[in-house]
Amino acid sequence: MIPALFLAAALGGMLRFLLSKIGPYVGTFIANMAACVVLAAVRDASPLVMAAVGTGFAGALSTWSTLAKELGTLIRQRRWAMLLGYTTATILGGMVAVWCGLQI
């Protein structure tokens, strides 16, 4: 189980790195939405799949710390409309992404 977890986490981390090259906000948003879909999709999987794909891949792909940094930057820059839009899109988008994952 541990090698599968490590491999999946490495793949999730590499994908997040590639998505970060799109730019701030967009790359983070895509990574977090994709992780929501993946995690919801494997909810009933075997413990090995849940550990590898859910914890490893989706855990490494998603990024709470980068989201917090980006929101903090928007607050410091007093970009209130962007802050509200990004926060709302992330919350609502996450719910839609989970719903999509549950349909798989």
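Just so you know, glycine gets a Cβ as well, placed from its N, Cα and C.
Feature annotations, reproduced from Swiss-Prot:
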TRANSMEM  22-42  transmembrane segment
TRANSMEM  48-68  transmembrane segment
BINDING   Gly59, Ser62  Na(+) binding site
TRANSMEM  82-102  transmembrane segment
Count of other CB atoms lying within 10 Å of the CB belonging to Ser62 (Na(+) binding site): 22
Neighbourhood of Gly59 (Na(+) binding site) by C-beta distance under 8 A, where only residues 6 or more apart in the same chain count: Ala9, Gly12, Ala35
Long-range Cβ neighbours of the transmembrane segment (22-42) (under 8 Å; 6 or more residues past either end): 12, 15-16, 49-50, 53-54, 57-59, 61-63, 66-67, 70, 73, 86, 89-90, 93-94, 97-102, 104
For Ser62 (Na(+) binding site), the three-state class that DSSP assigns: coil
